[in-house]
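Contents: one structure, followed by commentary.
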Amino acid sequence: MAAEIQPKPLIRKPILLQRVEGSQEVVNMAVIVPKEEGVISVSEDRTVRVWLKRDSGQYWPSIYHLMPSPCSCMSFNPETRRLSIGLDNGTISVKFTQSLWEKSLLTHLTFIYVRGRHLVVEEFILSEDYNKMTPVKNYQAHQSRVTMILFVLELEWVLSTGQDKQFAWHCSESGQRLGGYRTSAVASGLQFDVETRHVFIGDHSGQVTILKLEQENCTLITTFRGHTGGVTALCWDPVQRVLFSGSSDHSVIMWDIGGRKGTAIELQGHKVTNAGQSSKSGTELVSGGPGESRPDQSSHLSECGDCLPLFWKCLSVAWRDSFRPGDKVQALSYAQHTRQLISCGGDGGIVVWNMDVERQETPEWLDSDSCQKCDQPFFWNFKQMWDSKKIGLRQHHCRKCGKAVCGKCSSKRSSIPLMGFEFEVRVCDSCHEAITDEERAPTATFHDSKHNIVHVHFDATRGWLLTSGTDKVIKLWDMTPVVS
């Protein structure tokens, strides 16, 4: 009698389409060329490369340009094909090209180099065959390594931040510097909202600054202080009007700009590797006593709300411990059409979060000198220990109800995805019985890119994701199995 063969369950995961190799150093940033089988990359090896797919199926550079300094960042506008590049010496290189469908013989390209104490942007003309560049004009920029750069087509602005702790914006047509602002620390994230002209700057101190830009001046709106580590990435959704920030504290926070809700929802993505350890946020702290603490979820909300009584209010959705200790969140991208957030870490993990669900706010951890289930004293409660002649116990907290409990009353573990806990966490026995299978349904998927990611770019039209890693390799992924 033949045994019945059970079909294997279908596993939905990203499909690796291509590996693009050839850079001698880390590729700091790269983008997928829309409507073309191409990639544009900038690297620490000082090269700017335009990779096009050949008949052999492999990507080969049609442009290989050597810059005077390592390329630290870039911004690409697909409509005008304007490519802005930041350099290690403070140089900004802006490349402007005509659209692929326009039959123009020439396109424009600009670079910045150092002249005395000033950094000069020099513009080039790029021939249609991508093999020749001719200088056109120049303008001034930063005095040190450029960390982030954005080109705003609607306003003809070039926004940039540098290690000189300066945010600046220039007119892309005249090359004139329009204004600047000094940040509290070196900026590492930059996003812009065209409708309101608000710029979002994340820096190494963990602060997010919001400025309102005018033609020649800017106004400080407010600052967010939700991270315990430096901000490593920002991602802005102009439709839902939410800002995502990733940090070296292994967390991601979603700021609901104008939400007026004032609530905080804590989300945990990845397990902590060592028992008893936690990230700086302290959300997986298991040792008891008065020192056991949890971050004040509202601390960064009240400050923002006081500054903006009209409409700015932060709803923080924090992925605490989303990445294991040492594996900081490196890059973020948001799929607006499916309301899914893609976050990537230094461990090579690609996490796809479903943001189209109604999440529950995690409770505040309650204070108590004894277990709120069995009334056993905790080890610092000497009076109750003496009166009851019992040994004090360690304190824990149930992640579902927030009550202070002993280990015996919280021996169960469960995932609570709607509260943000994708992996099993400590819950009290009564809450464990109350959690339904529906509440345990995951709201995020986890995938391994097999290289330490430093940058991502998502092409929503084709559902492709580009990842560049410390292994000097660019990978192209088909994300349609998981982003849909």
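Glycine too: its Cβ is placed from the backbone N, Cα and C atoms.
Residue counts for the repeat 'WD' (20-51) under DSSP, split into helix (H, G, I), strand (E, B) and coil, are 0 helix, 19 strand, 13 coil. Annotation source TrEMBL lists repeat 'WD' at 20-51 (among others).
Broken down by DSSP into helix, strand and coil, the repeat 'WD' (224-257) contains 0 helix, 19 strand, 15 coil. Taken from TrEMBL, the feature repeat 'WD' applies to 224-257 (among others).
According to TrEMBL, the region 'Disordered' annotation covers 271-298.
Marked as compositional bias 'Polar residues' by TrEMBL: 274-284.
TrEMBL lists 365-436 with the feature domain 'FYVE-type'. Under DSSP, the residues of the domain 'FYVE-type' (365-436) split into helix, strand and coil as follows: 19 helix, 20 strand, 33 coil.
Looking just at the repeat 'WD' (446-479), the mean pLDDT is 94. Among the features that TrEMBL reports, repeat 'WD' is placed at 446-479 (among others).
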Do you know the DSSP helix, strand and coil residue counts for the repeat 'WD' (446-479)? 0 helix, 21 strand, 13 coil
